[in-house]
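Notes for the one structure printed next.
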Protein chains: 2
Amino acid sequence: MTAFDDLMSFQRETEALAQVAGRLSWDQETMMPRGAAAQREEEVAALESVLHARRGDPRLGDWLASVDDAALDEANRAQLRLIRRSYERTVKVPAALAAAIARTVSRAQVTWIEAREAGDFRGFAPLLDEVLRLRREQAAALAGEDGDLYDALLDDYEPGAKGADLQAMFDRLRPRLVALRAEVLGRPSPLALGVDFHEDGQMRLARIVAESFGYDLRRGRIDKAVHPFSSGQGHDVRITTRTVPADPFNCLYSTIHETGHAGYEQNIDAAYHLTPVGGGVSMGVHESQSRIYENQLGRSRAYCGWLYERMRDEFGDFGIPDPESFYATVNRLKNGYIRTEADEVQYNLHVLLRFDLERALISGDLAVADLETAWNDRFLADFGYAVDTPANGVLQDVHWSAGLFGYFPTYTLGNVYAGCLHAALRRAVPDLDSQLAVGRTGPALAWLRERLQRFGGLRTPRATIEHAAGMPVSEEPLLDYLDAKFAGIYGLKAA
Amino acid sequence: MTAFDDLMSFQRETEALAQVAGRLSWDQETMMPRGAAAQREEEVAALESVLHARRGDPRLGDWLASVDDAALDEANRAQLRLIRRSYERTVKVPAALAAAIARTVSRAQVTWIEAREAGDFRGFAPLLDEVLRLRREQAAALAGEDGDLYDALLDDYEPGAKGADLQAMFDRLRPRLVALRAEVLGRPSPLALGVDFHEDGQMRLARIVAESFGYDLRRGRIDKAVHPFSSGQGHDVRITTRTVPADPFNCLYSTIHETGHAGYEQNIDAAYHLTPVGGGVSMGVHESQSRIYENQLGRSRAYCGWLYERMRDEFGDFGIPDPESFYATVNRLKNGYIRTEADEVQYNLHVLLRFDLERALISGDLAVADLETAWNDRFLADFGYAVDTPANGVLQDVHWSAGLFGYFPTYTLGNVYAGCLHAALRRAVPDLDSQLAVGRTGPALAWLRERLQRFGGLRTPRATIEHAAGMPVSEEPLLDYLDAKFAGIYGLKAA
């Protein structure tokens, strides 16, 4: 056994334990009896403490010091890079600080739920301030003397990304999205759905659309959860969805979205399973897969035509007269406060707002005490109407209470990545629409699998996208796609 | 922090991790996608390796050496006794042997499934021989120079029990059970069920009977599994059942049986949760709870009268004309090869057979090569007809392939314990039958909770039963109960 073999053998056990933690979290959101919550916290904490100890285990340091990088092939160099990165980030943060963060965000999430229900940001602010203080302290430990605090946090979700680069890109996105939104909302609205859709039928259709997007149910399962998510890697990748009687699209497009996340994990080369390379490479790249499945493919005119027939098979005549109207209904814009309910045009505006505010919080330019006002001002500026209550504004997302500063931009980055991939995919599969029109995603998914998914964490996130798309990352393809799509649906002048 | 505090804090984390392992195993039997099996093995192995390391952690030895037992109260002395016992048993077994056992039983269980399907004991024998050899080696390490090998293994399942004592008791049981069985089967048989019972209705009734036996669904849940089991401790204790259209009693009495196991865990004093005292004290005591729920209460004339009405509510007229006939049908004896399908009279005969054979295997008096013949001879002697195929004989149970020598006697010991408890319960709750006749188990369960369940592992198994029943453990109450019950149903002369 060489040092590298020992290292990988230790790491493999860590990865297996991380899968166990993921399964536990799946259970918590889908199966766990309500009365088990307090005990479960203790079980999760025990497992996290084992994982934390392993990630900073001194033997890792020894092995890493004695491995000869040059003797390794590309995949094993990638393994080494990912293990080294995780180890260095773990040991840079003092154990007492890591424990304080875990304790505080656990408390903050409970307080956030109460504050959101009460519509009381001020009651939540002191604890959020404490979370922010601890995360800045962590960022300082990670960044070193000259490092950028925000970049240090962002690195957890999108390794290698820089806040300033994202800022520049997002500043180009924002005005065009604001303008497109205003134009679209000035036009007559497509038909809305007007009847209820029984939940059993929604779940049957959820299964059909998941399978139409290649979800392998021998290595996964679909359950309901309050907030849909995908969970697990390798041969056990599960998805969840939800049902709302008045809104079957919530169920169906949550399902397709999570199928994108799950498909990425299921399609990573099995040789990488239970290794660092064996998982999706970043949040942004993950989101690119969920978004291209959900939007560029799932909300396309062609796929909507197929889905319309499946909807009629299940629900009969539901008041939308033809596939073209159905396509418009699926892609209908309306005003709203909530990020997770937003359409393709408005979604990124919600994210850019959060990105700007959290960067200012981390840099110290914005105080938590002023956060609610800043949120409300920005929302009014971009959307043209005022936030009515904190639950629809600054208190709507769990992220900050959970300490997840640096996470939000990966949502929009994922959309930008999806735009690039979609442009390349259209060139590679010229008859994509005639395939989607009969519910066949096979050629598109084969391209994604071959060009991107199978590699897992072999390359950096940006290199992963650029390898697949064959172009530098840019927001242009996304914007061009949105302009063209919504011009078509809403009868706008072509840009 | 004293050494005792440190010890308990470490132990609490171990107990929490053990709960995680239990949840993982529940998932495997109920929810896991089939294709995840190989990966899951690796996940389970990683967690087991963490648990094994913790159970033999040298710090435990240091803490145990420096704690002052005399300064502790009764509960904490019990904690210390259980931790010391687990630590000493763990460190006595060389790590290489423990790993070899884990590997071999994993392989043997797969081979056993194939052998059972093929009806081929000889193909399985060499691997079973290897399992036996390793477990005897382990027993020798545990027993020390003068210790008994079988007792050393039995101690894992029923701490403190001795094979010779069980042998003496079982030798008194066997002739009376053989005689009772022969007498009953010489009489006309009660009605059998003649129609199918839809599985949704069975599951609805399963929920009703579980709740009638006090199962707390806020801290548990009911799912289906191939082999019903109960899983978890404290505030997350889940049960499973199964449905067979022709045999609703399979579902209902599996449910009541598992509710007995789960009720025991749910009713242990919450102050003990996630500590060694916080779980059921032994397999035998656990089985006493599942059996008294299932048999002495659930198969009583009074409860059957109530259940008959619930069956008619769900299934309408199902061909059994009245409660008295239903009671006889529920308790009907018939010939059969399979232990898990056996009735109250014959069940223990199946167990005694296995106990005698496995003691002989461990002592070396019986070779694996002669096991099938020995099984078949003994079966013929006790049941009066020959085993037709190994799947109905020596290959029917998973236990030996899993290395679980010493486990079988706890089933009958549980029945014996249940007999003692039931005699005491009848005296303590004189109107028990009028309660059960309206589906009220409350007074009986309150007595079990107060006298036994809440104490968890505070006392040894035998002391637990004797404290609750107020009498020395004896097989007499069980035999008297069986004689009287089946004399009533089958119109035998009173013994």
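Yeah, the Cβs are placed from backbone N, Cα and C, and that goes for glycine too.
Keep in mind that TrEMBL annotations are predicted by a computer and have not been checked by a curator.
Around the Cβ of A:His257 (Zn(2+) binding site), the same chain contributes A:Pro228, A:Ser290, A:Arg291, A:Tyr293, A:Glu294, each under 8 angstroms and 6 or more positions distant in sequence. When secondary structure is read from DSSP and collapsed to three states, A:His257 (Zn(2+) binding site) falls in the helix class. Residues or ranges marked as Zn(2+) binding site in TrEMBL: A:His257, A:His261, A:Glu287.
Shown in sequence order, A:Pro228, A:Phe229, A:Ser230, A:Ile239, A:Thr240, A:Thr241, A:Ser290 are the residues of the chain, 6+ apart in sequence, with a C-beta less than 8 angstroms from the C-beta of A:Glu258 (active site, proton donor/acceptor). The active site, proton donor/acceptor annotation in TrEMBL covers A:Glu258.
A helical conformation is recorded for A:Glu287 (Zn(2+) binding site) in the three-state DSSP classification. For the Zn(2+) site, the Cβ centre of A:His257, A:His261, A:Glu287 serves as reference, and the other residues of the chain with Cβ at most 8 Å from it are A:Ser230, A:Glu258, A:Gly260, A:His286, A:Gln289, A:Ser290, A:Arg291, A:Tyr293, A:Glu294, A:Gly414. Counting only same-chain residues six or more apart in sequence, the Cβ atoms lying under 8 angstroms from the Cβ of A:Glu287 (Zn(2+) binding site) belong to A:Thr410, A:Tyr411, A:Leu413, A:Gly414, A:Asn415, A:Tyr417, A:Ala418.
Within 10 Å of the C-beta of A:His261 (Zn(2+) binding site) we count 23 further C-beta atoms, all protein chains included.
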